[in-house]
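Each remark here refers to the structure printed beneath this line.
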Amino acid sequence: SALHACSESCPLGFSKIPDDWRPFCCFDCVPCPDGEFANETDIGKCIRCPEDQYPNEQRNQCLRKITAFLSYEDTLGAVLGSVAISFAAISALILGLFIHYRDTPIVRANNRNLSYLLLISLMLCFFCSLMFIGEPRRVTCLLRQMIFGVIFSVALSAVLAKTFIVVVAFKTIKPGSILKMWMVTRLSNVIVCCGSIIQVCICAVWLGTYPPFPDVDMHSEFGQIILLCNEGSTLAFYCVLGYLGFLSSLSLFIAFLVRSLPDSFNEAKTITFSMVVFCSVWISFILTYLSSKAKTMVAVEIVSILASSASLLGFIFLPKCYVILLRSGGHSRKKFFKWVSP
C-alpha cells in the first residue's frame, strides 16, 4: 500500500506521486511496478530495467538475468537423455537379434529388410531426440527438426510398406506366385523411397525459405533469458508434422482393414495398435505444444518423439522377440545369450 507523506522522503524502490486531494507538499510513495526500479529517494518516476535485467525484490536495483535452456545438467534433461539412449540400445539389440535369426520363419515372413530399416530408423529417432537437449546453436536449430522429420518419415514409410505387403500377400496375389515376390520387393522399395523423398522436399523448401534459427525469450520466465530455437516458418513446421500424420493415418487405415487375416505372422494387428498410440501421442503433442512456453516446449517434443518411437518398437517388434526367444525352445535362448555375451 502507498505511504502518505508531506515532508518525508520516498525510500528506494518507490516513486513520488502527487496527491491531488491534499496540499501541494503532500505526495504518495508508490512501489515501482514490475520490471522497474528506483535507486534514488524522492524519484518522480521509476526506471525500467534493460531487457536482459530484472529488478530485485526491493526494486532498488536491477540484476542480470541468467540464461537457461534444457541441458543435461537439469534433472529433466538427464532423464530424457538416459531414456533416449536406453531405447536406442534396445533397438540395436533387437536389430542384432533379427539379423542373428534372419532365416527363421517369423523374420522372413515379415520382410526382414523392411524390419532392419524400421529398426535402424527407430534407433536414429531415439538418438535425434538428443539434438533437442543442450544449448541451441545455429547448426542444431537448422538440422534437428529436419532430421527428425526425415527419419520419422522413413520409419513410417517402412510401416506403410509393411501394411501394403500384407494386402498384396493375402488379398491380391496367389501364394507362391513369382509376381507376388517381385511385387512385394518393388512395392516396398517404391513406398519407402517416395514416402521419404516427399518429406525431404518439404524440409528443403523450409530451409530455403524461412529456416529455424537460434533465438531468445526474455519474458516467459522471470529472471531468466531462455535460449531456444525459433522454428522460422510455423507453417513449414506443421507441414512436416502433418505429413507424418498422413503417413501414420494411412498405415492405420490399411492395417485396420486387414487386421482380421488369419495368418499367424500377419503384422496388421500390431501395426494398428502402434499407429493408434502414435497418432494419439502427436495429437496430444500439438495440443500441449500450443500452450507451452520456453523449456517446456522442448521437453514436450522430446517426450513425444520417445513415446511414439517406443510405441512402434514395442508393439511391432517385442511380440516377435517373444516368439523367437521364448516360444522357439531353450536352444535359441542359449544360442542368443551366448552370442550377446562378451
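Just so you know, glycine gets a Cβ as well, placed from its N, Cα and C.
Noted in TrEMBL for the protein shown:
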type     : residues : note
DOMAIN   : 76-327   : domain 'G-protein coupled receptors family 3 profile'
TRANSMEM : 79-101   : transmembrane segment
TRANSMEM : 113-134  : transmembrane segment
TRANSMEM : 146-170  : transmembrane segment
TRANSMEM : 190-209  : transmembrane segment
TRANSMEM : 235-258  : transmembrane segment
TRANSMEM : 270-290  : transmembrane segment
TRANSMEM : 302-325  : transmembrane segment
Long-range neighbours of the transmembrane segment (270-290), counting only residues six or more past its ends (CB under 8 A): 159, 162-163, 241, 244-245, 248-249, 251-252, 255-256, 259, 297, 300-301, 304, 307-308, 311-312, 314-316, 319
Maximum Cβ pairs under 8 Å to the transmembrane segment (146-170) - stretch from the list 113-134, 235-258, 302-325: 235-258
Cβ-Cβ under 8 Å with the transmembrane segment (302-325): same-chain residues at least 6 beyond its ends: 80, 83-84, 87, 90-91, 94, 97-98, 101, 104, 106-107, 110, 115, 118-119, 122, 125-126, 128-129, 132-133, 148, 155, 159, 267, 270-271, 273-274, 277-278, 281-282, 284-285, 332-333, 336
